[in-house]
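Features reported for this protein in Swiss-Prot:
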TRANSMEM  33-53  transmembrane segment
TRANSMEM  77-98  transmembrane segment
BINDING   His83, His182  heme b b562 binding site
BINDING   His97, His196  heme b b566 binding site
TRANSMEM  113-133  transmembrane segment
TRANSMEM  178-198  transmembrane segment
BINDING   His201  ubiquinone binding site
TRANSMEM  226-246  transmembrane segment
TRANSMEM  288-308  transmembrane segment
TRANSMEM  320-340  transmembrane segment
TRANSMEM  347-367  transmembrane segment
Amino acid sequence: MTNIRKTHPLMKIINHSFIDLPAPSNISAWWNFGSLLGLCLGIQIITGLFLAMHYTSDTLTAFSSVTHICRDVNYGWIIRYMHANGASMFFICLFLHVGRGIYYGSYTYSETWNIGILLLFAVMATAFMGYVLPWGQMSFWGATVITNLLSAIPYIGTDLVQWIWGGFSVDKATLTRFFAFHFILPFIIAALAMVHLLFLHETGSNNPTGIISNADKIPFHPYYTIKDALGFLFLITLLLTLVLFSPDLLGDPDNYTPANPLNTPPHXKPEWYFLFAYAILRSIPNKFGGVLALVLSIAILAVMPLLHTSKQRSMMFRPISQILFWILVADLLTLTWIGGQPVEHPFIIIGQLASFLYFFLILVLMPICSLIENKLLKW
């Protein structure tokens, strides 16, 4: 008799995705981040659901409802901090996952890659709206500053901003709709993640060498299920260490002050995972130019498959490209640092140089470098 997992319509899908899936025999720990992102999404949805049971999306009570969760709800503090720091873990995994894709040339699976970019935008939108919900000073002013950027769109900008606000400023209507969107988006993300996997399983996984691995495949279970389980253990350990020992390490103290439209914080800045994009936005003196650069800083990932000029897929055997890749990583870390600094000398010029280098590396240096490496192959 055939095993039920191979015949049952629902079990069959799970079987082909997670059990009998042929996987390359040599994929490294860098391939763990897909499953870790799934775990992060699961943690965020579960903790978020429990938070939503006690949260009120009203300007008068939002801040005190979060305080109530932390003080009066059983284990509310750990749920709240797991949700807040879970977002940080989510973005750490996201950045490493995208970095892996760039390094090993996984972007040549263009459908999977493009769905991934959509996922990145969706997660960023969700995180932004979630940051507004506690209705602290940074929540309010962050929402005001970022939504205001849409006013840079010619002709319809101002109307668009007021439409999103539901009034003439960030107020009760804005908070309520942000809560609604923050609740629904993770489920859209989960659906997109399934499409992401669907496209990935059409082609099969890439591997560190970038060479087609059809000749040497192994079953996903037990080899990669146990490997993923180890990754889960690491992630949960790191998350719990952060939550239990230093829950406010990555937060902003200003957000423990209730939102006050009459008092602007000295430095309005987003959470750490948006600082690189915020630095790019600030590095351009023109408002519309800044917004354009902000969107392009992520959207530029979509042109990576078109800019792949190398005869090899992976950077594993391309030392010059590797150097440029690590310069790009260092550049992003520099941008993250600059995003958290005040707008004054020398931070302004450093931010402008780092922003220029970011686009110049991806659009010019890396493709040219790949062409040079192609020539070196003929020696």
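Every residue gets a Cβ built from N, Cα and C, even glycine.
Ranked by Cα separation from His201 (ubiquinone binding site), the binding-site residues His83, His97, His182 are led by His97. At the 8 Å Cβ cutoff, the transmembrane segment (288-308) and the transmembrane segment (178-198) share fewer than 3 close pairs (sequence separation 6 or more) and do not count as touching. His97 (heme b b566 binding site) is 23 Å away from His182 (heme b b562 binding site) when you measure Cα to Cα. Listed as Cβ neighbours of the transmembrane segment (178-198) (distance under 8 Å, sequence separation of 6 or more from its ends, same chain) are residues 17, 37-38, 41, 44-45, 48, 52, 55, 57, 112, 115-116, 118-119, 122-123, 125-126, 129-130, 132-133, 143.
Listed as Cβ neighbours of the transmembrane segment (77-98) (distance under 8 Å, sequence separation of 6 or more from its ends, same chain) are residues 30, 33-34, 36-37, 40-41, 43-44, 47-48, 50-51, 66, 69-71, 116, 120, 123, 127, 130, 235, 238-239, 242-244, 247, 250-251, 271-273, 301. His97 (heme b b566 binding site) sits 21 Å from His83 (heme b b562 binding site), taking the CA atoms of both as reference points. With a threshold of 8 Å between CB atoms, the same-chain residues lying at least 6 positions outside the transmembrane segment (33-53) that come near it are 69, 79-80, 82-83, 86-87, 89-90, 93-94, 96-97, 100, 182-183, 186-187, 189-190, 193, 228, 231-232, 235-236, 239.
Each residue contributes its Cα atom, and for His83 (heme b b562 binding site) and His196 (heme b b566 binding site) these two points are 24 Å apart. The binding-site residues under consideration are His83, His97, His201. Their Cβ neighbour counts within 10 Å are lowest for His201.
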